[in-house]
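Single-structure report; data block below.
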Amino acid sequence: MARRPRHSIYSSDEDDEDIEMCDHDYDGLLPKSGKRHLGKTRWTREEDEKLKKLVEQNGTDDWKVIANYLPNRTDVQCQHRWQKVLNPELIKGPWTKEEDQRVIELVQKYGPKRWSVIAKHLKGRIGKQCRERWHNHLNPEVKKTSWTEEEDRIIYQAHKRLGNRWAEIAKLLPGRTDNAIKNHWNSTMRRKVEQEGYLQEPSKASQTPVATSFQKNNHLMGFGHASPPSQLSPSGQSSVNSEYPYYHIAEAQNISSHVPYPVALHVNIVNVPQPAAAAIQRHYNDEDPEKEKRIKELELLLMSTENELKGQQALPTQNHTCSYPGWHSTSIVDQTRPHGDSAPVSCLGEHHATPSLPADPGSLPEESASPARCMIVHQGTILDNVKNLLEFAETLQFIDSFLNTSSNHESSGLDAPTLPSTPLIGHKLTPCRDQTVKTQKENSIFRTPAIKRSILESSPRTPTPFKHALAAQEIKYGPLKMLPQTPSHAVEDLQDVIKQESDESGIVAEFQESGPPLLKKIKQEVESPTEKSGNFFCSNHWAENSLSTQLFSQASPVADAPNILTSSVLMTPVSEDEDNVLKAFTVPKNRPLVGPLQPCSGAWEPASCGKTEDQMTASGPARKYVNAFSARTLVM
């Protein structure tokens, strides 16, 4: 019997007919002398031709005689080479429907292992062909549906760990053959994984805290790598050495009707081989497609509760929380703490008893001492309790809040608590209703005084539009400078400005001579239609003053010209020194507004005024066309 090839692609190893069956395997190593190398080299073309001639001469009854003519070949090798490769009666083409139906009937009669017996009933077929046909196509348990993402993920994870051991990978995917898995990997998955990053895990830096905690704690489908040896120290605390925290949650029993949310979690710790983890999860998913989602929700719920409980210190055994019936004793040991600091976190039992771990590590249950363990939620219990998953989450938050409230209540009763010199890091607490007395809150040392709204509104607040205007002003002209708002300081500043301007430009104030009549005239022209204002600006007032004075009256009150003094610096009452104030609004003589008019040249006037021949030729018909229509009102 030849030995099975090392990298076989077939999952069934119960048949003894597995030998090298290639028609053209002549490029192998040459046979060597000695029994040590028998059967370990491929058949050459010369050996095959010689075997055919020997079979034609001697027949197929005595293979030992034929093997004598072939050195380094046994009678079994010669027989198998002829029956499985060189026999011209072998059928190597596609299978017919009659052959498939015959294989199904023979498998039902003899079972899926006796392939040599089955092959005798099929002319031209050998046992290996029948076995491959059954396992890859005819087996009713073989899935022929499209590959799912979950199956791809299992194949990807298993291939990273096992390599091309397709038979081992096929055990994780019932319903999929090793040949189908191999073809799926080579044809589709390898390219998608290597080139497109399919199913690639995110980097450790981008992982969320929930994902990191899940990888470390291995709640539902994770496996530890070392058993948790636990023993009780003389002080009564358990010392645990392990990489992962160990949890032993017993089944909930005798749930009382007083519990506001009657939820019973049956969590068992069972021994499961590590390669079969994905198969277990798939087994649950086949029965109920929605169960995977529910398991993940419950897993995240347990994980969040465990993270909150790990941050709290161990509470006394006799506590208010132990009086709640219906919660079974639960021992949660955090192994991430150093030695001597690990203790049960909380007690949720009926008889105020804190469960303890066995003193002898060997006395632990078999499932707790197993190096490969996982926490699996009982199948039947999940279906009954998933409806109350939200109530269970609220119950856990209520219990956690009650633990925090009861632990803080003892320290709040002290009259003069001592404040630590170094601030302590507070634990994250679940929000709950504060039941502290109002007087106690007001007298609390750590209480921040409430800021009343009347205090906040004592100072004026700048409206939003002014804020935007000031911000734009600062961007354009730079930061604003605060000036004193008293009248005396304003007058002094104005005097300095007037003196500086008079020194530079020689300002001459003639406002007193034609002040009041001129201001009245301006007001009349502003309130009058446009025609009057046009006549005013063409009057002799501008020529008499030579544009040297600003048109303001020295005796007119602020009410007559409300839009003149709008600046905060200039909003001051009229002082005695009016002449100096009026000088600030004069216009220097050496700044002419309009230059002297110059007559147009003879060549420029026709071109600019449209008097050239071409322009007159074009504008003449246009005028005639426009004049033909009467004037009409434009309706918008």
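Residue positions begin at 1 at the first shown residue.
Using the three backbone atoms N, Cα and C, a Cβ is placed for every residue, glycine included.
Taken from Swiss-Prot, the feature DNA-binding region covers 63-86, 115-138, 166-189. Annotated SUMO2 cross-link per Swiss-Prot: K476, in sequence order. The annotation SUMO1 cross-link is assigned in Swiss-Prot to K499, K523 on the grounds of experimental evidence. The N6-acetyllysine feature in Swiss-Prot is assigned to K467, K476. Sequence annotations record features per position, and here Swiss-Prot assigns phosphoserine to S528. Here Swiss-Prot flags T530 as phosphothreonine. Annotated region 'Interaction with HIPK2 and NLK' per Swiss-Prot: 90-193, in sequence order. Residues annotated as region 'Transcriptional activation domain' in Swiss-Prot, with similarity to another entry given as evidence: 275-327. Here Swiss-Prot flags 328-460 as region 'Negative regulatory domain'.
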When DSSP states are grouped into helix, strand and coil, how many residues of the DNA-binding region (115-138) land in each?
18 helix, 0 strand, 6 coil
Would you mind listing, in sequence order, the residues at least six apart from K499 (SUMO1 cross-link) in the same chain with a Cβ closer than 8 Å to its Cβ?
none
Give the mean pLDDT for the DNA-binding region (63-86) on the 0 to 100 scale.
86
Look at each of the recorded positions, K467, K476, and point out the one with the fewest other Cβ atoms around it within 10 Å.
K476
For the DNA-binding region (63-86), jot down how many residues DSSP puts in helix, in strand and in coil.
18 helix, 0 strand, 6 coil
For the region 'Interaction with HIPK2 and NLK' (90-193), jot down how many residues DSSP puts in helix, in strand and in coil.
67 helix, 0 strand, 37 coil
